[in-house]
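Undergrad: Here it is, the structure, as structure tokens.
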Amino acid sequence: MAREPLSPENAHAPRRIRVGDGPLARFLLIGTVLLVTVLVLVAPLLAIFAEAFRHGMGAYAASFSAPDTQYAIGLTLFTALIVVPINVGFGIAAAWCIAKFSFPGRNLLVALVELPFSISPIIAGVAYLFVYGAQGLLGPWLGEHDIKIMFAVPAIILASLFVTAPFVARELIPLMIAQGSEEEEAAVTLGAGGWRILRLVTLPNVRFALLYGAALCNARVMGEFGAVSVVAGNIRGQTNTLPLQIELLYQDNNAVAAFAVATLLTLVALVTLVAKAIIERLDAARVKAQGKPGH
Amino acid sequence: MNRVIPGLPLSLGITVLYLSLIVLLPLGALVWQALDVGWERYLAIMSGARTMAAFRITLSTAAIATLFNGVYGLALAWVLVRYEFPGKRFLDALVDVPFALPTAVAGLALSALFAKNGWFGGPLAQIGIEVAYTPLGIAMAMAFTSIPFVVRTVQPVLEDLAADVEEAAATLGASDLRIFARIIFPAILPAFLTGASLGFARSLGEFGAIIFIAGNLPLKTEVVSLLTFIRIEEYDYPAAAAIAATLLGFAFVLLFLVNMLQLWQQRRIGTGD
């Protein structure tokens, strides 16, 4: 946060001048930023709800009665239910070895964990097609054994796993490094085993970061579009997740239904951000109380 | 750090195995497919008019989006760090909206805003500016999805900036603009460039937000990610592999650049954080 301009030791100092502290600069900068923010960040959110309720509450509610849309809601929830726990597990494992140990190739491993962030979802989708598609690396073998992954639910799950792999790990790694290993070492000397330490010492210390990582991972899984649209094949009522259903409804000129479905995902996003704000506040309170980063 | 804590083999094993299966195997398959295309055919695919146009459009609109976010993101970070005002926490939370909001929803929202009868599209049409179905629309979508990058990389560095140097400069009579240009901006430059590079990388690969607003006309408003998608739908796998591998190459170059920038920043600050 900004330094306190009026703390006791500098109350006597000559007027503290920092760049941009003049009233005009302040007013212009804050005003401009707020205006642009309303236009580029607030307006899109409002537009979604305005369009969804354009023809009233009834039309909005009716949008969810279509079987395809209900199927898409179910498939999206199902995907999140599988992907989020797996990536939480992966995040904990990755954070444990990266934060608590040093070994050759550790930096490379960190870079690998974060790699999916830098890769276009379309590339991820195409890459999965080249593994599990009919012409792909494992395609012939999968065909022989009659296993269908591409253009089916397993591909949606795999692509989502790829795209959201870094979310939990990225929240945990810096925090666990900052917290150090003293508490775990103390637990070892007291005779605790690895699982016990993880459950009773490490995870309670990082629980808020873990929750936030999982919430972000969840929001992203539910909203993933590019990667899923390559591997899902857009089969109505079979492989349509909510974002794909939005596109389909939009192409069908069923704008109200498209925006109605979009409000669901917008609410997921907003809840995630509120959770983040609460977690940050709790964390700040904890740092104040204990003097260490806690999340 | 130390060896008393148990669980290294298990956690490292899980991590490496998972990354190999989920990340490396597919990327390896993509590279394998691209290598299979062969050099001559690769050049033929990449030099095709439609591919060239897609890359030109994507790179130029991503540059515009990055420019916008360079200015807006820096101003936003500045306002969040330097001033106190009502609603500041709310503004800070809003910054993350583009990360949490699905890209398809963002695209849908932008298409509604910039439609001819939309809140922005209507007034803009009267002064003769069209956004929907033009490269400007693509840039808008890219800019929206990459807003948080510059803000979130510059913000912590700006917070840690010591006040004494700029105060000394002010005492010596330097103007605000001069102090900003000579002292503050150089200090946040590595973080600023890191954020801009990350945002640019994100824009290059953006798909969901763009296709709703771009019009998606070949040679005019077709971005690289969409062209890759279309090649897949046409079962033209060599072309899809070539284009996707090239895009992947761009991502790796930018990632390398970001790593170099972070080294630069660490050396400047003198901490390993």
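A Cβ is built for glycine as well, from the same backbone N, Cα and C atoms used for every other residue.
Note that TrEMBL annotation is computational and uncurated.
The structure displayed is predicted, hence computed values, not measured ones.
Taken from TrEMBL, the feature domain 'ABC transmembrane type-1' applies to B:55-258. What TrEMBL records for B:12-32, B:53-79, B:99-119, B:131-151, B:179-200, B:207-232, B:238-258 is transmembrane segment.
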Undergrad: Among B:12-32, B:99-119, B:131-151, B:179-200, B:238-258, which stretch has the most Cβ pairs under 8 Å to the transmembrane segment (B:53-79)?
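TA: The stretch with the most contacts is B:131-151.
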Undergrad: Do at least three C-beta pairs under 8 angstroms join the transmembrane segment (B:12-32) to the transmembrane segment (B:238-258), pairs 6 or more apart in sequence?
TA: yes
Undergrad: Which stretch from B:99-119, B:179-200, B:238-258 shares the most C-beta pairs under 8 Å with the transmembrane segment (B:207-232)?
TA: B:99-119
Undergrad: Which residues, given as numbers and ranges, are at least 6 beyond the ends of the transmembrane segment (B:179-200) yet have a Cβ under 8 Å from it?
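TA: Distant contacts of the transmembrane segment (B:179-200): 62-63, 65-66, 69-70, 73-74, 146-147, 149-154, 156-158, 161, 165-166, 169-170, 254, 257-258, 261-262, 264-265, 268.
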Undergrad: May I ask for the residues of the chain that lie six or more residues beyond the transmembrane segment (B:238-258) and have a Cβ under 8 Å from a Cβ within it?
TA: 27, 30-31, 33-34, 36-37, 41-42, 45-46, 51, 54-55, 194, 197-198, 200-201, 204-205, 224-225, 227-228, 231-232
